[in-house]
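Accompanying notes for the structure given below.
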Amino acid sequence: MYTTTLSVQGMTCTSCVASIQSMLEGVEGIEQFTISLLLERAIAVHDPSIISPDQIAEKIEDCGFDASVISSTEGEHGVMANYLLLSPMQAEQWTKVHNHINELQGVLSVNCSSSPDAAIRVIYDSEITGPRSIMKEILSMGVKCTFQPVDSSTSRILSLQRGSQIRVWKIRFIISISFSLAVMFLPQIFDSCDSMRAAFLVPHYFGICAGHIISLVLSLPVQFGVGRVYYSAAYHALKRGTANMDVLVSLGSTVAFAASIFFMILYSARHADNPAPIFFDTADMLLTFVTLGRYLESKAKGSTSAALSQLLSLAPSSATIIEDNEQIEILADLIERGDLILVKPGEIIPVDGTVVEGSSYVDESSVSGEPVPVHKTIDDELLSGTANGNGRLLVKATKSPRESQLAVIVDLVQRAQISHAPIQQFADRVAGIFVPVIVALSISTFTFWFLFTKYSSKYPSVFDDPMGKFAVCLKLTISVVVVACPCALGLSTPTAVMVGTGVGALNGIIIKGGEILERLNQVDTVVFDKTGTLTVGKLSVTDISIVDNLEELLDIPKNIFWAFVKASESSSEHPIGKAITEKASEFTDVSEIGIESFNAVPGEGVDVVLRWKERTFHALLGNSLLLEHNNVSIPDDFDSKLKLSSSSGLTCVRIAIDGQFVGFLGCMDQVRPDSYQTVSALKQLGKKVCLLTGDQKATARRVAQGLEIDFSDVYAEAVPSQKAEIIQKLKDQKHCVAMVGDGINDSPSLVLADVGIAPINGSGIALESADVILVRKGVLLDTAVSFDLSRVIVKRIKMNLVWACIYNFVMIPIAMGFFLPWGIYLNPMWASAAMMFSSLSVLASSLLLRRWKKPKSLIFSEADDVETESSTNSSVLQKVYTATRSIFGRNKSSNKYQPVANEV
């Protein structure tokens, strides 16, 4: 299967989206198709053997929209596509170039045309080759070649900011407002004095006023210049059997313009003495207000994608590589795996890689949320989009730019913004019947008032118009057509989803789509994996119990004893051994301990013979079995201590030297500093919190006790399949379940849960299975933040929909003349202004989500040994949302995690 991303231009409302969606969903070979009005992007998952990317673009164009393929990649990891522009050549040389490229290692397919200046599209495996290597091969054949990146960061930013679109609509508005104001005010100027009135407002030429001819001429640029956009879109919509906002606008404008010409001809044929009623100003101002609305909408839509633009701007456009001992500056898109990249002080790292030379402090706040610059040296990993400090680094690229963690984050955010929320189905259903209903209501309005004023003598005073009752009925009809606004309904959900998911991404929370947002808001039960999620995922020594007469018993100083412990476990790869080595290093700096023999006993511990000052020592570190097999007895007082520690969830390592028991070390996986606050916050949000782990019950209950999780909600000693069964059991009890985990063994549960949540430092499988990804490393509290954010976004969506419905329910009856008996009616010009306002108000409402701040209860209160963000952090995220700086302060809270007995 291929995943093809397309650019789709010309969509104006949800009716356009619905028509394309319905056209493509039934096409053979297309497995999945989603499209975004705001991003002007479509993503198709399809079988290329049945339908090609270009054929998908053609089908979209058949609907009346401009479409082009941005990228098309196979489902396999590392498979990429790019375009290369070649110089003109003969057909024979084209064949040679095609065949040569096709034979290159890593190239999967080549599509090219024999026409001059055509582009070849190369699909390749980025783990084997890249665009720069392919270009070198083409250049070696004497053919000039230019790289044309597919969907580069720069082009995507420009597209999202809608700069060209905003300029076009601005020009259209200036043209329309200039001519419309002239058409509106010239008749008033002509009527200002008798001589001008006689010259311009009295029929002279074939019964037509000169002023009317001038108004007609001035209206032409508006109707057939600016208005052509609406008429063309309306034509294509009707051609494909649908009706959208363009149809309503075109209908209202056409009726007013055509009626004006009709009356001019009619009065001319009758040689009438009075000037004909004309509505050129109505037609022109209608288009002017709509054009102003489109201009302001374009600017507002550009703001809705500000978060995605900021993420894209993190990656640099160029990079310096070292090739043949020379520094060469290239486009960042041309970087390939294995390239050596020179990163100078202050530069942005262009691609994920590892340090091969140099050291420096790197600011990772923009990508990982780590606020304090991290020291990087040889073999350390670097992330694209992070900022180098004062050092000079030589970096080996481990991924291509489009596979970097930053690119993955951007792709996830964009896919989330393209996806449709289930609540959007309501707007889609309404949009499907909206225009036909409005047209029917407008015809009914005209018919009713025309007949009413004709056969009744008691009609509202508004019909006593110099232009006649027919003209007033026509204006009411136009008002009904124009005031109705399906756009407000259509924009309610996608704008809120786009802004909301963008805000989430900037705060380190990636929500994979509108459907996930809704489910996240419905969750009532949150299940946590223990190891690596609620806990750090790294064992540490928390309990030390050593005999009082250690030095007399062994005839060695205490620091030498710790040196023995350190040396005994230094060769161990077991997590417990590493934890003991780290703890022992705190008590000794002695290193001249010799190891004569080392034996790791599976399931028991280590058996080591040590040498110090020409003396040998036999050391045993392990569980009770190791000591039993070596005939070492444990004193009764220590035996009771061991039982107490073991029952509280500690892993106890017994220590014996030369056959004598000297004590034990208790190890455990430390609870994360913000776990208590996370659990507490979730409970405040009304969520039930459960603990699910494969560890023993004592360990699980010990963690649950410290976090105040009910023992009845603790599920211990569960293998991956049992974890999934527990999730299903909770769902069967009518709970909406969220699973939070980071390991491979959590993947089945993450998939089965209604919402899967995983930290970005989790396993690759867990990240693929998760619906929500927490980008900020080590900040579990973002789990609770994601629930609060989803609640706010869904609430905003509902507010938008309610407002859009209220607007139409109120304004349409007013336009139809329901309140004419009380002198309340709606002029077509003001109807178009109201329609514009309704769409803009929904956009403004969604943009208010950018002001969202974390509740104070969800701001992490840190211990002194935990590094987090400070108020002076200068990341891009904070530059975008300066209002959220306060959330990163070091606020103290009484809800800090309190260790239970034996933890320290």
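Cβ atoms here come from the backbone N, Cα and C positions, even for glycine.
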Margin query: On the question of membrane sidedness, does Swiss-Prot assign Tyr230 and Gly338 the same topological domain?
Written below: yes
Next item on the list: Rank the binding-site residues Asp742, Asp746 by the number of other Cβ atoms within 10 Å of each Cβ, and give the residue at the low end.
Entry: Asp742
Next item on the list: Determine, to the nearest whole angstrom, how far the Cα atom of Cys16 (Cu(+) binding site) is from the Cα atom of Asp529 (active site, 4-aspartylphosphate intermediate).
Entry: 44
Check: Tell me, by DSSP, whether Asp746 (Mg(2+) binding site) is helix, strand or coil?
Finding: helix
Margin query: Please report the three-state DSSP label of Cys13 (Cu(+) binding site).
Written below: coil
Check: Just the number: how many Å between the Cα atoms of Cys13 (Cu(+) binding site) and Asp742 (Mg(2+) binding site)?
Finding: 40
Check: Around Asp529 (active site, 4-aspartylphosphate intermediate), how many other CB atoms lie within 10 A of its CB?
Finding: 27
Check: In angstrom units, rounded to an integer, how far apart are the Cα atoms of Asp742 (Mg(2+) binding site) and Asp529 (active site, 4-aspartylphosphate intermediate)?
Finding: 8
Next item on the list: Taking only the Cα atoms, work out how far Asp746 (Mg(2+) binding site) lies from Asp529 (active site, 4-aspartylphosphate intermediate), in Å, as a whole number.
Entry: 8
